[in-house]
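Here's the structure we're looking at; comments come further down.
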Amino acid sequence: MNAFRRLGIDGYMILLLVTAVLGVLLPARGIGAEILGHVTYGAVALLFFLYGGKLDPLAVRAGLLNWRLQGMTFGATYLLFPLLGLALIAVFGRVLGPEMSMGLMFLAVLPSTVQSSIAFTSIAGGNVAGAICAASLSNILGVVLTPLLVTRLIQIEGAGVTLEAIEKIGVQILLPFILGQLMRRWIAGPINRHRMISMVVDRGSILLIVFAAFSAGTMAGVWSTIPATSLAITFAIVLLFLLMVVAIMRLSGRLAGLSEADRSALLFCGATKSLASGLPIAMALFPAAQVSAIILPIMIYHMTQLLLCSAISQKMVRSQQVARRNAA
């Protein structure tokens, strides 16, 4: 396990892979699948309720004053990513296949992460307040923008913004978040004191969705239609996607003349994608039998972004320590 930690692989990432494998080998069936669906629905609603309770509107308001950082992060998330996604699919679409191409495009229109981007920005000594604002706004706007972009950019029968999808997203994601914000004065303190509960709900809801999605895919026979070579190619292209965005974020931050602290926030908010927000939105927008294949690129991106961003943030810390020693 220590060897995994040195590589930046924690127990949760291993558990995520194990959960996906269990969904393929031991899928939920019949009444078990029905119960799993209800439990997953409730866990996601609780996740966004707690997120609403944690989010400080004053921190978001203060971060908005840094309009260059916020504008560049928004542009990266909802303009750069979709354009790169379209370009990669135009080049590699035939070898990826339709399912993985849809998954790659869905990945491209997701909001950025919240916890991870803020944590990496903090480790790197970056603008934490700006990162909180950028990541939070990205996820709030993503409830609306991601479904709209899916409708415009992804063509799949049974997918898109239907009245049922709007109801699912509104009731499962938006309503709990608003309730959390309204009750923040009473629940923010306990949530911050008991961070372990928030982490269990956060990670537990993701594991439940992954298991439910891969179970549904197995029962629908999705995996028999996707060759192993397609999975390997998907991994390589997702990694290329991540490396391209990281390189562009680092270059654009320097060219825009952002401070070092703002460049860190731009990198970690602009180059990451949210698994926690993406999975429930996928469950609402896409046919259940196809969700497992569509979310696979998101899972690959999620794990590789954690590994790469962890290495980058640690390198930034070492560079700052060397600079301080030289200055002394």
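Residue 1 is the first one shown; counting continues down the chain.
Using N, Cα and C of the backbone, Cβ positions are placed for all residues, glycine too.
A TrEMBL annotation is a machine prediction, not a hand-curated record.
These features come from TrEMBL:
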- 12-29: transmembrane segment (TRANSMEM)
- 35-53: transmembrane segment (TRANSMEM)
- 74-96: transmembrane segment (TRANSMEM)
- 128-149: transmembrane segment (TRANSMEM)
- 207-226: transmembrane segment (TRANSMEM)
- 232-253: transmembrane segment (TRANSMEM)
- 265-286: transmembrane segment (TRANSMEM)
- 292-312: transmembrane segment (TRANSMEM)
Cβ pairs under 8 Å between the transmembrane segment (292-312) and the transmembrane segment (232-253), at least three: yes
The transmembrane segment (74-96) in contact with the transmembrane segment (12-29), cutoff 8 A, at least 3 CB pairs, sep 6+: no
The transmembrane segment (12-29) vs the transmembrane segment (128-149): 3 or more CB pairs under 8 Å: no
Residues from the same chain, set at least six apart from the ends of the transmembrane segment (128-149), whose C-beta lies under 8 A from its own: 51, 55-56, 59-60, 62-64, 66, 69-70, 73-74, 77-78, 82, 109-114, 117-118, 121-122, 160-161, 165-166, 169, 173-174, 177, 261-262, 264-266, 268-270, 274, 277-278, 281, 284-285
